[in-house]
Amino acid sequence: KTGRASRLERKKQEKDKEDDESKEEDSCSQQNRASRKKNYQQKNSDGKKAGEEGSQQRERGKKAPTKDQKESENKEKKTNKKEKEGDDKQKTDRKNSTTSSSNSSDEESLSEEELAMLMEQVEQKKKLISTMRNKPWRMMKKLSVLREAQAFVEKFEGALGKGKGKKLYAYKMMMAKKWVKFKRDFDNFKTQCIPWEMKIKEVESHFGSSVASYFIFLRWMYGVNLVLFGLIFGLVIIPEILMGMPYGSMPRKTVPRAEQATAMDFSVLWDFEGYIKYSALFYGYYNNQRTIGWLKYRLPMAYFTVGISVFGYSLMVVIRSMARNANESTADGDDDNFIFSWKMFTSWDYLIGNPETADNKFASITTSFKESIVDEQESNKDENIHLRRFLRVLANVLIICCLCGSGYLIYFVVKRSQTFSKMQNVGWYERNEVEIVMSLLGMFCPPLFETIAALENYHPRIGLKWQLGRIFALFLGNLYTFLLALMDDVNEKLVEEDVVKNITHWTLLSHHNSSMGNGSTATPPPLDPADVPRGPCWETTVGIEIVRLTVSDILVTYITILVGDFIRACFVRFMNYCWCWDLEAGFPSYAEFDISGNVLGLIFNQGMIWMGSFYAPGLVGINVLRLLTSMYFQCWAVMSSNVPHARVFKASKSNNFYMGLLLLILFLSLLPVAYTIMSLPPSFDCGPFSGKKRMYEVIQETIELDFPLFVAKIFSYVANPGLIIPAILLMVKLKKKNSGMLVRSKYSFC
């Protein structure tokens, strides 16, 4: 027991030196043997000499010391020192050899108490390795302690088993390390698989988190639209193309005879007329057969459910994203204390090894300091309250006047376009006047609002929210003014449809009578689909207007970036050397990235997509291409043509403000679609709901014909208003009761 205790104490004392000594064992073993022999020979020779000299001195007695005697005494002292050094070396060599050669035997002979202590030490070293980053030490000390701890764990981790158990434990530890490494590599791989992550990080490092939040929002919108495109393309467009009637087999899939001559002209295709109008891109192409193909696929029911599920999925995703952002913002805690100290001492990442990444990190830290300085200045700012209130009221009055004027202008232009549509030989501007006016309003009104907002002198973050709200009101007012004017056109087309419906029936009846008039009993030849009179198909008309508005908005956005940002930046950069004043510091200077205009343009465009996807299923595919190209095009424009804002500010920790606006536009875009589904009759000769009084009747038809009778009764009872209204009132009452109980429990806890 005493021997084992002494060995354990020796291991504890020399655990820091064992790694270096074990490395020198093999290289110094032969030298140690030779040194032992030399030391032993020197001992014997020096001992003999010392004995002879001692006997001579005894014989001489008390004679005075001579020079030879002094030299011999010095030699004795030197030999004694050499003997001591040799003994020390031998002792250390023996220790090293015994520790290295008897590791396995010692480990096998360790008691349970020693194994428990060794296991405890290994666990402590592992804990030290995992928490090394949080230690307030210098980097050199961290690295040295980390290497020592890793070496200790690697050396003594396998000693916790015996025989087969030892090998099994070593195998388990090896697999555990490999599993940890695999998870770390897989997490890095997942990070690399996030689309445009490095581009967004680069933009954030130079322009701040406020600009990067727009590109994060754009990437999120791209993912949502990709899922919506998969739903519509996989469940509506592909089944109709593969299993439906082919092109030219029926009137709704054939270009009329009067339009075939110009159906492939570029000007006609640019207005989404001709062959594009009678393609799977729009509502009127789809057939109203209950089942198509050998799969008996119910296309009308699929069209209706997919159109509703687009709104349902979007609502679910937006609410889920808002809840996740709210949890992240509350989990972060309060980090407003000692902001500059935290940024100064904890901002740098010491694992960066790429020079370009280091430059981006340096720019990011500089930008974060600017953001914090702006926040600190705004919190300590003194101002004249009465003057500030007057200027803010004046700014709001001016902006309300601009909103009312833009709404009246759009209503006037839409009414003019309806008169132009009834005229012949109308020019390009008259055909596209509505889209041009709405795009120009969306391009020039946001800068005007930003100029007026300079009177208010808000904090940049608060000013951005006000700017977003005003541009949102502008876009929403323009959109609903456009829809109200379009509804007048739809009502006119419904009246026209009744007349065309009678003409179509009389045409088919006269063709049948003329072919049967000669008394033959043979089947009359079918009428060419191109010669059948067509109704106006108001659903396709609404889809065409929304698609044209979306495409014109895309073109205006890209042209604005090219002219307003890139060409302006080139002019300032190359003409600054030969101009009368400093173009970079004065007018026109480099453009700043318009966060509010771009965000609201994206939200407004998404509202158009949600609204128009029911009337133009291919619109979602156009939007996917638009978002994909916008990411690359706008990232390039920002990095090459824009400069950071003069007052760089930190964005919110979550994009819930953007999500709130998106949720509002989702509900507002659902209202026109719900109104047309529930109130307006579908066209009689186009679309999957033709022949029905209302579009929602396809659900009743499917329940009656494809489900058992008791299921139809259950649905009829559930859809009864006398049952739905009491259920809603009961849920509201239960919600109020639960909220009251929560408030009482909160106060009782306090």
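Any Cβ shown, glycine's included, is placed from N, Cα and C.
Since the structure is predicted, the reported quantities are computational estimates derived from the model, not experimental observations.
If you look up TrEMBL, you'll see 1-16 (among others) marked as compositional bias 'Basic and acidic residues'.
Residues or ranges marked as compositional bias 'Basic and acidic residues' in TrEMBL: 45-59 (among others).
If you look up TrEMBL, you'll see 65-96 (among others) marked as compositional bias 'Basic and acidic residues'.
Residues or ranges marked as domain 'TMC' in TrEMBL: 537-652. For the domain 'TMC' (537-652), the number of residues in each DSSP class (helix H, G, I; strand E, B; coil) is 82 helix, 4 strand, 30 coil.
The region 'Disordered' annotation in TrEMBL covers 1-112.
What TrEMBL lists as transmembrane segment is 220-242 (among others).
Sequence-distant contacts of the transmembrane segment (301-319), counting only residues of its own chain at least 6 positions beyond either end whose CB sits under 8 Å from a CB of the stretch, comprise 224, 227-228, 231-232, 235-236, 239, 286, 610, 613-614, 659, 662-663, 666, 670, 673, 688-689, 695-696, 698-699, 702. Summarising the annotation, TrEMBL assigns transmembrane segment to 301-319 (among others).
Within the chain carrying the transmembrane segment (393-414), a Cβ under 8 angstroms from the stretch's Cβ atoms is held by residues 433-434, 437-438, 441, 445, 448-449, 452-453, 455-456, 470, 473-474, 477-478, 481-482, 484-486, all 6 or more beyond its ends. Look at TrEMBL and you will find 393-414 (among others) tagged as transmembrane segment.
Taken from TrEMBL, the feature transmembrane segment covers 434-455 (among others). If you look at the transmembrane segment (434-455), the same-chain residues 6 or more away from its ends with a CB under 8 A from one of its CBs are 391-392, 394-395, 398-399, 402, 406, 409-410, 413-414, 417, 463, 466-467, 470-471, 474-475, 478, 482, 545, 548-549, 552-553, 555-556, 560, 594, 596-597, 600-601, 604.
The transmembrane segment annotation in TrEMBL covers 467-487 (among others). Beyond the transmembrane segment (467-487), the same-chain residues lying 6 or more positions past its ends with a Cβ under 8 Å from any Cβ of the stretch are 399, 402-403, 406-407, 410-411, 414-415, 418, 434, 438, 441-442, 445-446, 449-450, 453, 542, 545, 549, 596-597, 599-601, 603-604, 607-608, 657, 661, 664-665, 668, 672.
The list of residues near the transmembrane segment (614-636) in space but at least 6 beyond its ends in sequence, with Cβ under 8 angstroms from a Cβ of it, reads 196, 199, 203, 215, 218-219, 221-222, 225-226, 228-229, 232-233, 236-237, 279-283, 307, 310, 539-540, 542-544, 546-547, 550-551, 554, 557-558, 561, 598, 605-606, 673. According to TrEMBL, the feature transmembrane segment maps to 614-636 (among others).
Only residues 6 or more beyond the boundaries of the transmembrane segment (657-678), in the same chain, are considered here, and those with a CB under 8 A from a CB of the stretch are 213, 217, 307, 311, 314-315, 318-319, 321-322, 325, 465, 468, 472, 476, 480, 483, 539, 599-600, 603-604, 606-608, 610-611, 614, 694-696. Marked as transmembrane segment by TrEMBL: 657-678 (among others).
Annotation comment: TrEMBL describes 714-732 (among others) as transmembrane segment.
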